[in-house]
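Participant: Input: one structure, supplied below.
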Amino acid sequence: MTALERLFTGRLPRLVMFDLDGTLVDSVPDLAAAIDRTLVLLGQPPAGIEQVRDWVGNGARVLVRRALAGGLAHEHIDEARAEQALELFMQCYAEGHELTCVYPGVRECLDWLYGQGIELAIVTNKPERFVAPLLDEKGLGGYFRWIIGGDTLPQQKPDPAALLHVLRLAQVEASDALFVGDSRNDVQAARAAGVTCAALNYGYNHGRPIAEENPALLLENLLDLLRVQGQDSAEGCVWPHQQALPGLAG
């Protein structure tokens with residue numbers, strides 16, 4: 001039995017939804033480049049990639065406001081300046097995604113899930129206009145039946161609206177779905193939607209360990225979902241609230 005099957009008491013889910021940035025792709029290098037160009041155009045010093053890494057996860061508007069503020073707290077930023085910066089950022093980010101890379105294990109995991117006939121979807125806070133082109137550029141576009149961006153609906157994660165929307169489109173019950181993400185927003189959105197959540201340790205969570213959010217399953221690599229109990233290579237799979245699963249944690 002794989003870790004994925006164990007999550008669903010011996011069966012496979014009918015639907016798997018994925019976050020994008022920090023889950024399937026490392027997009028921070030391109031996001032940081034666009035943020036830095038935006039800041040320079042506005043007469044501010046560039047932030048740098050490590051700062052931007054801690055600011056990603058709440059959509060473009062919040063990312064830009066954090067960049068203007070130089071930190072996570074951005075309530076004091078003037079709205080007109082934030083809108084100007086957002087427009088510049090969108091222009092800069094649209095110039096390309098050549099620095100964005102697909103994480104190890106992603107293609108293999110998607111191949112396996114797709115081959116099993118499981119419906120796949122993207123639920124991200126990234127503006128929708130960037131999502132499909134990025135997926136296509138990285139060779140991932142053909143896997144996903146539904147794409148929900150940060151501006152597709154009025155609400156963004158951690159609100160569960162996007163996940164609930166995909167459940168309705170797929171005609172799948174929450175108990176038959178999995179959401180895979182990397183941040184507090186992802187875990188909270190899944191929990192509010194009644195969907196099981198697996199979380200990756202390598203993503204963006206504002207510098208906080210994702211284990212603190214108590215997802216149903218912690219992963220070091222997406223392939224950990226497919227590890228069979230007893231495989232030595234399944235060391236990255238951790239089940240919160242339990243002892244390490246035999247064969248899945250060393």
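Counting starts with 1 at the first residue shown.
Backbone N, Cα and C define each Cβ position, glycine as well.
Predicted automatically and left uncurated, TrEMBL annotations should be read as such.
Residues or ranges marked as active site, nucleophile by TrEMBL: Asp19. The feature Mg(2+) binding site is assigned by TrEMBL to Asp19, Asp21, Asp182.
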Participant: Return only the integer: C-alpha distance in Å from Asp19 (active site, nucleophile) to Asp182 (Mg(2+) binding site).
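Facilitator: Answer for this pair: 8 Å between alpha carbons.
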Participant: Three-state secondary structure of Asp21 (Mg(2+) binding site) from DSSP?
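Facilitator: The three-state answer is strand.
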Participant: Among the binding-site residues Asp21, Asp182, point out the residue whose Cβ has the most other Cβ atoms within 10 Å, with all shown protein chains included in the count.
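Facilitator: Max Cβ neighbours within 10 Å, all protein chains included: Asp182.
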